[in-house]
């Protein structure tokens, strides 16, 4: 289920990124072991009082060449479009500026809650400066020192108080997927082609957190799908719609809301860093992944082309060896009919449950093939394994000492489990836990 979203806005040098880092905590500095997989600094998850939410630093999306006021308006537009709660950051040191008033006037138009955070209140003497900010007409100002971590708890309390109530779980029978890729890989053409394949359009469904439109349709076998909207802002976003950082943010939002991600590549352009970055985020988020190579009609081919592309994809996306690859053309409709079946197979893999007895047979056979490692004379002992969840399938392996379970041995066990069962298109998680 999609997390609610909080956007941080404000003019430059008021401390938006510092507040973002405080709210995000240690999550923001995480760099994954897998090459090409890192958390983007403009979008991450946070948690407070047992409520999780996504947080956007709109300042990280700015086009630095754009005029100053245009940058600020862009931030506010993103916040009003994307967010459930807006945190407007100002500076106690500079007081109210023309830019602050400009943003406040834009935010007046939104019906979403706005939390006014007065940053740089670094000592008690500065607290009196916050009262001037009542003039912005945005309610009570919250004194904050991002540099010292003072007042962020109050801002977080206000955020949680204003988050939308947790929605009921959506039907698990509907498969939610999104098409993700760089601008000009043909996502829009693919969407139109998929929806034009004699499908029954049930109804456009308003997005839960913004003015996005998701589309629900049913295939000839009666399976219901929801295609998650990734269209971006419908306002005068202009040039920003195609900027990479904004595109990354939209992709991450769509991935969060999806069960399965169709990673669209352009056969004419090959694989780029952006593609690897987004695929890594989807893998890290535990989503099903299908690699879709579009514009297959537009390139010259011989009997080696498919094999070369497959090898190139496996080499560049080494962390998703489980992802099926489909070569399509939105123009000629080539192989488009295969996509729903591939999506359904991935969904089935995501929801696979393995009986504990069968799983333990596979794990013990794996140990017989490749004995558990030792460290300083002590050997890892595996007692038993059990599956604890699906989407993605997650397995807990109970051992004598968690520290003895090296990641390379976990990877070996994962490979053995994959060989024994069909987990096409989905990551699986293995967690070592000490038996009590």
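Cβ atoms are placed via backbone N, Cα and C, with glycine included.
Feature list (source: Swiss-Prot):
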- 10-17, 57-61, 119-122: GTP 1 binding site (BINDING)
- 181-188, 229-233, 294-297: GTP 2 binding site (BINDING)
- 4-167: domain 'EngA-type G 1' (DOMAIN)
- 175-351: domain 'EngA-type G 2' (DOMAIN)
- 352-436: domain 'KH-like' (DOMAIN)
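The average pLDDT for the domain 'EngA-type G 1' (4-167) in the predicted structure is 79. Between the CA atoms of residue 58 (GTP 1 binding site) and residue 187 (GTP 2 binding site) there is a gap of 25 Å, rounded to the nearest whole number. Here residue 121 (GTP 1 binding site) comes close to 92, 127, 129, 130, 143, 144, 145, 150, 151: these same-chain residues lie at least six apart in sequence, with C-beta atoms under 8 angstroms from its C-beta. Here the Cα atom of residue 187 (GTP 2 binding site) is found 32 Å from that of residue 10 (GTP 1 binding site). Restricting the binding-site residues 181, 184, 296 to those with a CA within 10 Å of the CA of residue 16 (GTP 1 binding site) leaves an empty set. Every protein chain considered, the tally of other Cβ atoms within 10 Å of the Cβ of residue 58 (GTP 1 binding site) stands at 27.
Counting in whole angstrom, residue 181 (GTP 2 binding site) lies 32 from residue 13 (GTP 1 binding site) by their C-alpha atoms. Using a 10 Å radius centred on the Cβ of residue 187 (GTP 2 binding site) and all shown protein chains, the other Cβ atoms total 21.
Note: the Cα of residue 184 (GTP 2 binding site) and the Cα of residue 10 (GTP 1 binding site) are spaced 31 Å from each other.
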